[in-house]
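Take a look at the structure set out below.
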Amino acid sequence: MNPLWTEIAARAALPLSEAQHALLSRYLDLLIEANQTMNLTRITDRAQAELLHIADSLTVLPFLPKKPHTLADLGSGGGVPGIPLAIARPDVRVFLVESTKKKAAFLRKAVTELGLTNVLVSDSRVEDVGHTDRRETFDVVTARAVALLPWLVEWSMPLLKKGGVLLAMKGERGPAEVEQATSACKRMNADVPVIEPISLPQTQNHVIVKVAKRGITPPIYPRSATVTKGKHL
Ligand SMILES: C[S@@+](CC[C@H](N)C(=O)[O-])C[C@H]1O[C@@H](n2cnc3c(N)ncnc32)[C@H](O)[C@@H]1O
C-alpha cells in the first residue's frame, strides 16, 4: 500500500482498498513496460511515476461529484488521469479520448488487462467527439498536459451537460491561462474559472482550474462542414 496514495484519496474521504492499490501499481507496470517500445511518458523512474502519474491523478478526487457520474479524459496519452481515477472511483463511467492510434491501442489493452469495466477508449480527436451522440453527456471533463485552457474550454463545453465541470490540471502557468480563457468562457457559456491550489510533495504551483458549464453550448458545424458543388453539407 502506498501511503501517499492513501493520504491523497483520504482528502476526498475515499478509503482505497488493497485491491485498488494493487491495480494502480499494476497499471504503472503496464505503462512503464509499454513505454520501452513506445513514447507514452517521459517519466520512467518508478518512484517518480508513483508520484507524478498516480498521486497527481488522485488529487482530482475531491473535485468529483460524490454520486456516480460520467467523466471524459481528453488527450489521455498513457491514461493519466483517467485510468487512476477509474480505479479509485469504480462507480464513475470513464471515457478516455486519445487521438494517437498506438496510444489508444495501449489504453484498450491496459483497460482489458486491469479488468476495468467502467472505462471506454476512443481514438478520436476531442474536437470531433462533440459532433457525436456523446455531445452534452458528461458530468466531468479532465485534462492534463493537453492544450492551453482556452482550447480546453472550447473542446470540453460541447461534451459537458449543463452544470458539468471541466477540471484542467495545470502548473505555474495556470493563472495566466485563466486570463487568456476569458473570451472562450464567455463564448461557450462557461462560468468564470476557479483556481484550486493542489498540494503534492516535490511539486510547486500545481493547480486545478475548475470551469463550470452554465448554459447551452452554441451549435457548431462539423469539422468536415464545407461547401462542395455549391451545397453546404
Ligand atoms: C503530453 S500528452 C499528455 C498525456 C496525459 N494526459 C498525461 O498527462 O500524461 C498529450 C496527449 O494528448 C493527445 N492529444 C493532443 N491533441 C489531441 C486531440 N485534439 N484529440 C485527442 N488527443 C489529443 C496527444 O496524442 C497526447 O497523447
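Every residue, even glycine, has its Cβ placed from backbone N, Cα and C.
All annotation found in TrEMBL is predicted automatically rather than curated by experts.
These numbers come from a predicted model, not from an experiment.
For Gly75, Glu98, Ser99, Thr100, Val126, Glu127, Arg144, the entry in TrEMBL reads S-adenosyl-L-methionine binding site.
Summarising the environment of Ser99 (S-adenosyl-L-methionine binding site), the number of other Cβ atoms within 10 Å of its Cβ, over all protein chains shown, is 16. Here S-adenosyl-L-methionine is bound by Gly75, Glu98, Ser99, Thr100, Val126, Glu127, Arg144 per the record. The longest Cα to Cα distance in that group is 16 Å. Spatially close to Val126 (S-adenosyl-L-methionine binding site) yet at least six residues away along the chain are Leu74, Gly75, Val97, Ser99, Val146, Trp155, Leu159, judged by Cβ distances under 8 angstroms.
Arg144 (S-adenosyl-L-methionine binding site) is surrounded by 22 other CB atoms, counting those within 10 A of its CB over all protein chains shown.
Of all Cβ atoms in the shown protein chains, 22 besides its own fall within 10 Å of the Cβ of Gly75 (S-adenosyl-L-methionine binding site). Summary for the binding-site residues Glu98, Glu127: the Cβ-based neighbour count within 10 Å is maximal at Glu98.
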